[in-house]
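Sequence annotations record features per position, and here Swiss-Prot assigns heme b binding site to SER45, LYS65, HIS94, LYS97. According to Swiss-Prot, the feature O2 binding site maps to HIS62. Sequence annotations record features per position, and here Swiss-Prot assigns domain 'Globin' to 2-147 based on sequence analysis. The feature nitrated tyrosine is assigned by Swiss-Prot to TYR25, TYR30, TYR135, with similarity to another entry given as support. As annotated by Swiss-Prot, phosphoserine applies to SER45, with the evidence given as similarity to another entry.
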Amino acid sequence: MGFTEKQESLVNSSWESFKQNLSGYSVLFYTIILEKAPAAKGMFSFLKDTTGVQDSPQLQAHAAKVFEMVRDSAVQLRATGEVILGDATLGAIHIQKGVVDPHFVVVKEALLKTIKEAAGGNWSEELSTAWEVAYDGLAASIKKSMS
């Protein structure tokens, strides 16, 4: 079964909720990542020389880009059934930063926990599944571009 219109709608509405508190949700997202994978701190230039996760324009911009790419993946999955990367350099950047498969799992977990917080009372298994499928499509495309 393909990505449904309802799944796309769920991702879009929770993406809008995420954007309402970009600062807070960005900090939460990276805090969860670093709790699970402390060594990943060095992969992010905006976190390298900080104690903990400090809000910054770079942190917000990167978090917004990650979540927006997942949202765009939902749109693509609904329209065409596949995810085509808009940025051909993503694979090379991930290789350069030393990203490996377990990092994708950590980011997925952080993304879902952050969206759960952003969605509040609208959180559901259906919403979780929509974000999971969209993220998995994006991750698969990034991994493919890394090979």
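Cβ atoms are placed via backbone N, Cα and C, with glycine included.
Since we're looking at a predicted model, the values are computed, not measured.
Locations of recorded Swiss-Prot features on the structure.
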residue	record	CB count, 10 Å
TYR25	nitrated tyrosine	21
TYR30	nitrated tyrosine	26
SER45	heme b binding site	10
HIS62	O2 binding site	18
LYS65	heme b binding site	11
HIS94	heme b binding site	18
LYS97	heme b binding site	13
TYR135	nitrated tyrosine	24
Secondary structure at the residue listed as 'O2 binding site', reduced by DSSP to three states: helix
Other residues, Cβ within 8 Å of SER45, LYS65, HIS94, LYS97 Cβ centroid (heme b site): MET43, PHE44, HIS62, ILE93, VAL99
DSSP-derived class (H/G/I helix, E/B strand, else coil) of TYR135 (nitrated tyrosine): helix
When distances run from the Cα of SER45 (heme b binding site) to each of the recorded positions TYR25, TYR30, HIS62, TYR135, the nearest one: HIS62
Residues SER45, LYS65, HIS94, LYS97 binding heme b per the record - widest CA separation, whole Å: 17
Candidates TYR25, TYR30, HIS62, TYR135 (recorded positions) - the one closest to HIS94 (heme b binding site) by CA: HIS62
Rounded Cα separation (Å) that holds between LYS97 (heme b binding site) and HIS62 (O2 binding site): 15
